[in-house]
Amino acid sequence: MASTLTFPKGGVHPPESKELTENLPIEVMPLPAELDLILGQHIGAPCTPTVAKRAVVAEGDLIAEVKKGLGVPLHAPVSGTVKAIGVSAHPLRVTTPSITLSVDREAGAKQWTMVDWQQMSAQDLLQKVHDAGIVGIGGAGFPTHVKLKPPADTPIDTLLLNGAECEPYITADHRSMVEKAEQIVTGARILAKILAVDTCYIGIENNKPEAIKAMTEAARAAGGGGCQVTVVVLQVKYPQGSEKQLIQAITGRKVPAMALPSAVGVVVQNVSTARAVYEAVTLNKPLLEKVVTISGRGIRRPANLLVKIGTRVSDIADYCGGTTGDLAKVVLGGPMMGFAISTLDVPVTKTTSSVLFLTEAEIDTRSMSACIRCGWCLEACPMGLEPKEIGIYVEAGLAEKTEPFGVFECFECGSCAYVCPAKRPLVQFVRLAKMKAKRS
Ligand code: SF4
Ligand code: SF4
């Protein structure tokens, strides 16, 4: 399935490494004994618990909500008892406030009743998306209902669904598109009704022929019905799935520096977010679980698992047969944008797309050296930034002077660091520069 459609500037081609899981059907992981529900699951304000210690909760019950500011509620992924309102391990911080739930494994799964979404108003649909606690599943976890309500002075004419899944190893969206194509297309139509648009494109890279076929057939079967859903086949290039690159590849529109996609009339959602919207609206089911790719050569049995939010990585590792003796690093997310974790106590959140168990042979262990000014990082940057200069300024203690090199436009894709022959930690330099420039 050849396609040359892609974004025009920069980009890299890391080894895809998807062969470990791309043909493995989604498997439901049995319930663990406990879940840790982190209260700050998304960008914005963290939730405040609405339950007390020892409270008995049923699957889908509200357990925390955002009282003030940007955010969405949190629900009990299963029936059980609140064991503690305390702290859990966090992928970036040492610990973070959380609710620990003792799981009632005898309770049985809740039966969700189907409703007809076509009779609902756009406002009611939007409210359901909020009430179900949906955030952008594939990325930073921006509350979805906020993205669906752009400012009145920025008219939206196009919905883009991101099915690129351009990070190596990860196949969670791929398997969802193959196995749940109809639900994703219905989710797209619900999103289109909320946004009042009649055009939706679903971008998929050409290394996923099965997903392209399933989604094309589902889109055809759905017909027009208020919104024309079209699958667009994209060239394999990282970071194809980032919002600005996807928009330019599919619509040709260039989002201005520091602006949001709505500035060019587009809203982007991930395909798995569309599926969560489908469940929220047609089943009244909150976001309780997600498909997570478990991969890398450091885990005995790679898998695409449907896990409850709050499941600890240690329980996942046990279920997948344990780790191999040569395990060197565990990464939450993809190898390009993910974060290495130091403890397997970290739980899955609404934004976790994969857990990678990597051996030494799969990671780059070379140490950093001085910049040789080869310019490769400039060529690789899809935003046309100057990561080399940012690094040099940060090392010289001048982080707050990096704004002219576009530090705030950097979305930390890691393409520059990937190509750097001197193994310079360019993304870490950018993060530090952002922090210091904001403070200055
Ligand atoms: S991490 Fe930032 S600077 Fe580096 S390539 Fe990506 S956008 Fe450019
Ligand atoms: S790729 Fe690395 S060595 Fe080359 S210019 Fe950029 S920072 Fe310097």
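The backbone N, Cα and C atoms fix where each Cβ goes, and this holds for glycine too.
Keep in mind that TrEMBL annotations are predicted by a computer and have not been checked by a curator.
Long-range Cβ neighbours of Cys374 ([4Fe-4S] cluster 1 binding site) (same chain, at least 6 residues apart, Cβ-Cβ under 8 Å): Pro421. The [4Fe-4S] cluster 1 binding site annotation in TrEMBL covers Cys371, Cys374, Cys377, Cys420.
What TrEMBL records for Cys381, Cys410, Cys413, Cys416 is [4Fe-4S] cluster 2 binding site. Close to Cys413 ([4Fe-4S] cluster 2 binding site) in the fold, though at least 6 residues off in sequence, lie Tyr238, Pro239, Ser242, Met336, Met337, Pro382, each with a CB less than 8 Å from its CB.
For the domain '4Fe-4S ferredoxin-type' (359-390), the residues of the chain that approach it from at least six positions outside its boundaries are 7, 9-12, 17, 239, 242, 244-245, 296-298, 324, 326-329, 335, 402, 405-407, 409-411, 413, 415-426, 429-430, 433, judged by C-beta separation under 8 angstroms. Feature annotation from TrEMBL assigns domain '4Fe-4S ferredoxin-type' to 359-390.
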Contacting binding-site residues, sequence order - Cys371, Cys381, Cys416, Cys420 vs ligand 1, Cβ under 6 Å: Cys381, Cys416
Within the domain '4Fe-4S ferredoxin-type' (359-390), residues counted as helix, strand or coil by DSSP: 12 helix, 1 strand, 19 coil
Cβ atoms near Cys371 ([4Fe-4S] cluster 1 binding site) (within 10 Å, other residues, all chains): 18
Candidate with the highest Cβ count within 10 Å, taken from the binding-site residues Cys377, Cys410, Cys420: Cys377
Cβ-based isolation winner (fewest other Cβ atoms within 10 Å) among the binding-site residues Cys381, Cys416: Cys381
Shortest C-alpha distance to Cys410 ([4Fe-4S] cluster 2 binding site) - which of the binding-site residues Cys371, Cys377, Cys420: Cys377
Whole-number Å value for how far Cys416 ([4Fe-4S] cluster 2 binding site) lies from Cys377 ([4Fe-4S] cluster 1 binding site) (Cα to Cα): 4
